[in-house]
Amino acid sequence: MIDSDGFRANVGIIICNRFGQVMWARRFGQHSWQYPQGGVDDGETPEEAMYRELYEEVGLRPEHVQILTSTRSWLRYRLPKRLIRQDSKPVCIGQKQKWFLLQLKSSESAINLNACGHPEFDDWRWVSYWYPVRQVVSFKRDVYRKVMKEFAPTALPFQSREHHSNNRRGRRR
């Protein structure tokens with residue numbers, strides 16, 4: 001579903017464990033890592049798309065997770081020119097994303113990267129909360145920074161305050 005500005009509606013999924021770590025997944029056959037994400041189909045709500053993508057990409061069902069929060073608004077990023085398919089109609093110039101923060105309620109053994117037979121990812125691991133902001137491909141970095149900042153009070157109430165106070169202290173020097 002591409003809007004009149006050329007942005008494809010998409011959902012992003014951040015899965016956290018009880019230790020405040022987040023699931024970080026490697027794209028199949030590539031060296032790039034990212035959060036699970038995927039398009040919103042016509043007639044589908046963002047929450048419905050999130051649950052569909054959650055199963056397709058990491059094999060988790062609604063009973064395996066709890067929604068903690070979602071972004072207040074859609075966050076956008078533009079694709080680099082080399083990734084824009086000019087021959088497709090309408091032309092997609094980027095993604096507009098609704099993000100969801102999920103708590104894994106089940107054992108991590110429920111995660112199955114091959115649940116649908118055409119895996120998006122070939123590996124995953126738990127990483128520290130802020131790690132993905134530094135590691136994601138550059139054109140997604142601003143969106144990752146915004147979503148992580150918005151979700152920090154929910155995902156890491158104590159660590160979030162500590163992270164921000166450390167940053168402030170560092171700037172005064």
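The backbone N, Cα and C atoms fix where each Cβ goes, and this holds for glycine too.
Range with Swiss-Prot annotation motif 'Nudix box', chosen from 38-59, 60-81, is 38-59. With a threshold of 8 Å between CB atoms, the same-chain residues lying at least 6 positions outside the motif 'Nudix box' (38-59) that come near it are 1, 8-11, 13, 15, 23, 25, 65, 67, 70, 98, 100, 102, 110-116, 120-121, 124.
Mean model confidence for the domain 'Nudix hydrolase' (6-149) is a pLDDT of 95. The domain 'Nudix hydrolase' (6-149): residue composition by secondary structure is 39 helix, 49 strand, 56 coil, according to DSSP.
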